[in-house]
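Colleague: OK, Swiss-Prot features for this one:
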| type | residues | note |
| --- | --- | --- |
| COMPBIAS | 900-910 | compositional bias 'Polar residues' |
| REGION | 882-910 | region 'Disordered' |
| REPEAT | 13-52 | repeat 'WD 1' |
| REPEAT | 55-94 | repeat 'WD 2' |
| REPEAT | 97-136 | repeat 'WD 3' |
| REPEAT | 140-180 | repeat 'WD 4' |
| REPEAT | 183-224 | repeat 'WD 5' |
| REPEAT | 227-266 | repeat 'WD 6' |
| REPEAT | 269-309 | repeat 'WD 7' |
| REPEAT | 351-393 | repeat 'WD 8' |
| REPEAT | 461-501 | repeat 'WD 9' |
Amino acid sequence: MPLRLDIKRKLAQRSERVKSVDLHPTEPWILSSLYSGSVCIWNYQTQTMVKSFEVTELPVRSSKFIARKQWIVAGADDMFIRVYNYNTMDKVKVFEAHTDYIRCVAVHPTQPFVLSSSDDMLIKLWDWDKGWMCTQIFEGHSHYVMQVTFNPKDTNTFASASLDRTVKVWSLGSPDPNFTLDGHSKGVNCVDYFTGGDRPYLITGSDDQTAKVWDYQTKSCVQTLEGHAHNVSAVCFHPELPITLTGSEDGTVRLWHSTTYRLENTLNYGLERVWALGYMKGSRRVVIGYDEGTIMIKIGREVPVASMDSSGKIIWSKHNEIQTVNIKTIGADNEIADGERLPLAVKELGTCDLYPQSLRHNPNGRFVVVCGDGEYIIYTALAWRNRSFGSALEFVWSVDGEYAVRESTSRIKIYSKNFQERKSIRPPFSAERIFGGVLLAMCTNDFICFHDWAEGRMIRRIDVNVKNLYWADSGDLVTIASDTSFYILKYNRDVVSSHLDGGGSVGEEGVEDAFELLHEINERIRTGLWVGDCFIYNNSSSRLNYCVGGEVTTLFHLDRQMYLLGYLANQSRVYLIDKQFNVVGYTLLLTMIEYKTLVMRGDFDRANALLPSIPKEQHDSVARFLESQGMLEEALEIATDSNYRFDLAVQLGRLEVAKAIAIEAQSESKWRQLGELAMSTGKLDMAEECLLHAMDLSGLLLLYSSLGDAEGLTKLTSMAKEQGKNNVAFLCFFMLGKLEECLQLLIESNRIPEAALMSRSYLPSKVPEIVTLWKKDLQKVNPKAAESLADPDEYPNLFEDWQIALNVEANVAPKRGIYPPAEEYIIHAERPNETLVEAFKSMHIHLEEVLPDENGDDTHEAIEENGVEESQEDAVEVDVEADGSTDGAVLVNGNDTEEQWGTNNEESSA
């Protein structure tokens with residue numbers, strides 16, 4: 001059966017002809033050598049060019065990263081080797097290396113050595129610690145030396161491929177080859193070593209259109225790979241997968257199974273001839289260099305093939321090798337921090353006859369199934385003995401140890417615990433995936449169908465695109481994960497049982513009430529598992545979360561891609577593994593999970609009994625869970641964080657509790673928030689206290705002015721002046737009728753023009769004094785403008801009704817500060833909207849008229865016109881209303897509807 005490996009294109013960049021490619025070991029970079037003479041670095045994550053080096057005008061046939069030095073080394077047709085620092089782009093070294101075209105450069109993995117091969121038929125060894133001195137020359141080939149590569153298992157040896165139709169293996173320090181492999185009928189273009197530990201192989205590609213796999217210990221050809229229609233120009237063994245890649249001038253890259261040598265896939269991206277292949281150990285990415293650009297592909301998923309049983313024993317596969325570790329070997333004395341790599345001793349368990357693509361313990365942990373290459377093998381977990389095998393594209397366990405295999409899209413077989421076939425199902429649709437658990441599930445790209453294990457009867461069809469399925473141990477809850485979200489459903493097994501036992505018919509949709517949707521959460525799951533009624537998962541944003549009752553809590557932020565292994569209740573820790581098989585653990589208290597589960601079930605008595613066993617530092621997390629369930633009172637009782645308790649108290653309207661927290665915290669923001677809440681609920685005494693604590697002068701101004709509290713306004717005036725809040729102080733003075741203080745405040749604030757305009761409207765007698773100050777101040781900036789200012793003492797003709805305004809001011813000044821009762825507002829509001837000067841001039845001043853009240857309302861004081869002559873030179877007497885009330889701030893001249901805060905332009909001249 002073929003390997004089921006997804007191949008995804010990760011980068012496609014068009015360029016000049018690419019002669020070699022290399023991958024950086026730590027950065028997301030591809031190094032491409034171009035026939036045009038340039039070397040480019042591409043970032044395959046951002047799909048952009050990072051750097052470009054103009055090396056020469058002739059082709060650059062090979063370049064490599066030297067990551068430990070931050071260098072790149074390049075060999076070109078001008079016979080020079082050049083070394084660049086890829087960070088600074090400085091040229092580190094340039095030297096003539098050969099007498100003909102340089103075909104290849106290879107970097108030693110640990111030593112300061114670089115090998116170069118050339119059309120001069122020589123191989124040279126260069127030592128950069130010795131100033132790039134040539135320390136050795138290897139002679140023996142009789143034609144161009146096309147490629148050299150170090151043996152990763154024995155870095156003291158290397159192989160060379162030549163157009164003399166041979167491959168030679170050399171040792172550093174010896175001028176003669178160790179041996180020669182001769183088998184191709186035409187020149188050999190490329191060579192690569194097998195990186196795995198079990199086979200001493202190398203592969204060669206030739207102009208005879210074949211690739212050959214050699215055993216360099218027996219010096220024999222193991223396999224010849226035929227199928228290309230042109231010269232084979234690039235070959236490699238994939239470092240992580242059981243595949244061999246060959247690239248040809250026919251424009252294709254062929255993928256061969258490394259064990260069976262079966263052709264698995266053929267890739268053709270339409271970029272003409274293939275010249276180079278690049279890979280990196282530990283990665284599934286492969287780079288291909290073409291005539292017209294560079295392609296990067298990713299083969300398969302980088303998910304570690306591993307499984308953990310309920311006791312903490314982990315089994316994983318590295319290639320065909322099976323290894324095991326046991327978390328219990330870490331004693332209680334070793335305190336491992338959350339997220340820290342566990343120091344586990346790896347034990348070799350055995351090997352597998354097929355390449356594992358999935359590995360899973362059965363529910364009781366006795367058996368482990370390995371599935372891959374279209375087959376499955378069931379092993380014993382302890383001794384790794386083969387118990388059963390067969391054909392399968394997929395394998396799943398039931399909760400009681402039975403299992404099912406998907407042989408094809410149209411056939412699923414169910415087996416008993418004794419490994420005997422019990423039932424065969426032919427679904428009426430194309431089954432692309434199957435899932436195990438309480439029910440056997442089969443799905444297409446559009447829907448999933450659940451079947452019972454006993455008879456294979458359909459239980460329910462759900463229309464959703466399923467990527468994974470997770471059953472809770474209780475069998476009552478199941479998570480369906482899709483591309484963008486996941487759904488938590490309740491399985492009503494009693495409803496299903498009664499329906500089936502009663503002989504009820506099952507339609508195309510199954511039993512209608514079999515499942516009940518509880519929650520939908522818009523997160524993409526990477527891996528997940530159930531612990532009780534708690535669903536633990538890590539998402540695409542590298543967060544480790546858990547979900548209880550639809551409430552999602554983030555446990556930790558992961559620093560890399562991790563995959564869940566399982567949860568050990570006796571340690572209260574959840575374990576994860578990365579693709580390098582590093583195991584880490586994170587604490588997740590079982591008591592916390594149990595508490596939340598009991599709350600969701602409505603068992604509050606047992607939940608409260610469990611609460612003391614939860615550490616105090618976790619109580620806020622418990623409170624947030626209760627808040628999410630609408631249980632604010634209970635959350636307030638449990639919460640410990642003062643900020644959080646304050647927020648809860650405010651939500652509940654528990655002002656006394658919030659006040660106690662605010663007193664303890666002495667937080668200005670808390671006092672302000674509490675003051676606003678108290679004001680909105682009518683608790684004005686508390687509001688005043690809170691606003692005073694918060695020093696919220698604007699809030700106090702609103703409160704005192706609304707209450708008509710003159711004493712409060714007086715107190716607020718002092719506070720505002722002390723804090724430099726002149727706007728608040730001005731309004732307080734104005735409402736109190738202290739117009740002289742208003743003017744003085746404007747003058748002190750250097751707002752002299754505004755002071756002049758205000759005095760013209762409210763205190764005409766102060767105008768000459770302020771105009772003098774204004775002239776003096778303006779003289780410093782614009783003397784001409786200062787001279788243009790008119791003083792009413794000198795030019796009374798420029799100020800309309802000036803004398804009347806002075807007389808009215810003198811009459812009403814002693815009456816300021818006397819306030820009418822609030823109950824008379826309606827009477828005052830109905831008075832004519834007319835200034836005193838206008839009233840005098842129109843001779844319609846009546847006793848009932850009143851002046852504006854102390855707080856600046858648009859009402860008028862009563863003025864009587866008894867005995868007033870028409871002459872403006874005569875004294876004007878303005879009487880007050882019978883109740884003695886006057887306005888605190890009298891608009892003597894001008895329209896009161898045009899009052900401004902500190903300014904009024906009515907009838908003032910300059």
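Cβ atoms are placed via backbone N, Cα and C, with glycine included.
Because the structure is a prediction, the values reported are computed rather than measured.
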Colleague: For the repeat 'WD 9' (461-501), how many residues does DSSP put in helix, in strand and in coil?
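Modeller: Split into helix, strand and coil, the repeat 'WD 9' (461-501) gives 9 helix, 17 strand, 15 coil.
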Colleague: If contact means at least 3 Cβ pairs within less than 8 Å, sequence distance 6 or more, would you call the repeat 'WD 7' (269-309) and the repeat 'WD 1' (13-52) in contact?
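Modeller: They are in contact.
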Colleague: Using Cβ atoms and a strict cutoff of less than 8 Å, what residues sit near the repeat 'WD 3' (97-136) while being 6 or more residues removed from its termini?
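Modeller: Same-chain contacts beyond the flanks: 20, 59, 61-66, 69, 73-77, 79-81, 83, 142-150, 152, 155, 158, 160, 162, 170, 172-173, 175.
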Colleague: Quick one: mean pLDDT on the repeat 'WD 1' (13-52)?
Modeller: 93
Colleague: Residue counts in helix (H, G, I), strand (E, B) and coil for the repeat 'WD 2' (55-94), per DSSP?
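Modeller: Each residue of the repeat 'WD 2' (55-94) counted once, the result is 3 helix, 23 strand, 14 coil.
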Colleague: When secondary structure is assigned with DSSP, how many helix, strand and coil residues does the repeat 'WD 8' (351-393) contain?
Modeller: 0 helix, 23 strand, 20 coil
Colleague: Given a Cβ distance threshold of under 8 angstroms, which distant residues of the chain, six or more beyond its ends, lie next to the repeat 'WD 2' (55-94)?
Modeller: 19-20, 22-26, 29, 31, 33-39, 41, 100-107, 114, 116, 118, 126, 128, 132
Colleague: Would you kindly list the residues that approach the repeat 'WD 5' (183-224) from elsewhere in its chain, counting only those six or more residues past its ends and only Cβ-Cβ distances under 8 Å?
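Modeller: Long-range Cβ neighbours of the repeat 'WD 5' (183-224): 143-144, 146-153, 159-167, 169, 230-237, 239, 244, 246-248, 258, 261, 281, 319-321, 351.
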Colleague: Counting by DSSP secondary structure, give me helix, strand and coil numbers for the repeat 'WD 7' (269-309).
Modeller: 0 helix, 22 strand, 19 coil
Colleague: When the repeat 'WD 5' (183-224) is classified with DSSP, how many of its residues are helical, how many are strand and how many are coil?
Modeller: 0 helix, 23 strand, 19 coil
